[in-house]
Amino acid sequence: MLDKLERRLGRYAIPNLTLWLIGGYIIGYILYFASLSSGANFIAMMTLEPARIIYHFEIWRLITWVMIPPSYSIFWGLIMMLFYYQLGRVLEQTWGTFRFNVYIFSGILFTVIGAFLLYGVARILYPGQNISNIGTFFSTSYINMSIFLAFAVLYGDMQVYLYFVIPIKMRWLAIVYAGLTLYELLATDWGGRVAIIASLLNFFIFFLSNRKKKWSANPTFGQRGFGKGAGNKTPWSGFHYQGQDPFSGGQRQPSDNSDRGRFGSQNPGSASQSRGPISRHKCAVCGRTEITNPELEFRFCSKCNGNYEYCQDHLFNHKHVI
């Protein structure tokens, strides 16, 4: 279904959506500090408050709540924005701009729906009472969490440095965060539960609907997505890719034939073919394939001159072939 939607609506997708979200956070920080200096509570006018939207027609709240920063600390806010910018960029390059847009906007939409459902149920259960401050339950914290979880599912073996010191793989970090979220889900009240479930619903729907799909590289997908604009550096200074370093002895495999990265040896009568199956994916740096290392993901780099393919360990830290 997403393929059909992409063919029809793909041209309307917003490139670099994560940058727009970060821009919204910057506006939120400006308004927050303006509130401190002026005494006007601008943040309270931005929350997702169904009663204010329905009865006072404050329609802007449907959008402005996304601009409220999850943390008001400048230091941790900058770290958060840098971290999620890199995660979002990689997800957009992996899925493509349209699918990443669908993922983010569905998380926002489900959160808005959850807020109105919570307000409606509260009105039914407590008739005649003033139902307010619903917006305090809803923020972008768990939408950011859905970005993190999606990245961890796709690239669980990637290593980050927690607090810039402790090396840990994304998989284990995601398990810790998922456990904390589950505890919070059980310990909080129903307002918090609705907020958590609504914000993470896009993660469960997306991966349940695509559980049989393997995000492997092919020329069209690689040029459209993952390899585009990757550059020579890792996605974030905290990321660490395990494997052979191409800048310290890794040798690039020659590729005069554009299909060699996909189909292995270009000679159909070669000895490598007679010894076993021909690989479809081969890293141009370390030479590993989906046969020798089935746990690896392979992507094409659109910035290299030719059909060069790389494993997940060398996609971001190889030298482009010009």
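Including glycine, each Cβ sits where the backbone N, Cα and C put it.
Those TrEMBL annotations? Automatic predictions, nothing curated.
Copied over from TrEMBL, here are the features:
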COMPBIAS  264-276  compositional bias 'Polar residues'
REGION    247-277  region 'Disordered'
TRANSMEM  12-32  transmembrane segment
TRANSMEM  62-85  transmembrane segment
TRANSMEM  100-122  transmembrane segment
TRANSMEM  134-155  transmembrane segment
TRANSMEM  161-183  transmembrane segment
TRANSMEM  190-209  transmembrane segment
Q. For the transmembrane segment (161-183), which partner among 12-32, 62-85, 100-122, 134-155, 190-209 gives the most CB pairs under 8 Å?
A. 134-155
Q. Which stretch, 12-32, 62-85, 100-122, tops the Cβ pairs under 8 Å count with the transmembrane segment (134-155)?
A. 100-122
**Q.** Same-chain residue ranges lying at least 6 outside the transmembrane segment (12-32) that approach it to Cβ under 8 Å
**A.** 42-43, 46, 66-69, 72, 74, 77, 81, 84-85, 87-89, 92, 97-98, 100-101, 104, 140
Q. Counting only residues 6+ away from its ends, which parts of the chain sit with a Cβ under 8 Å from the transmembrane segment (62-85)?
A. 18-19, 21-22, 24-25, 27-29, 31-32, 43, 45-48, 53, 108, 112, 135, 138-141, 144, 147-148, 236, 238
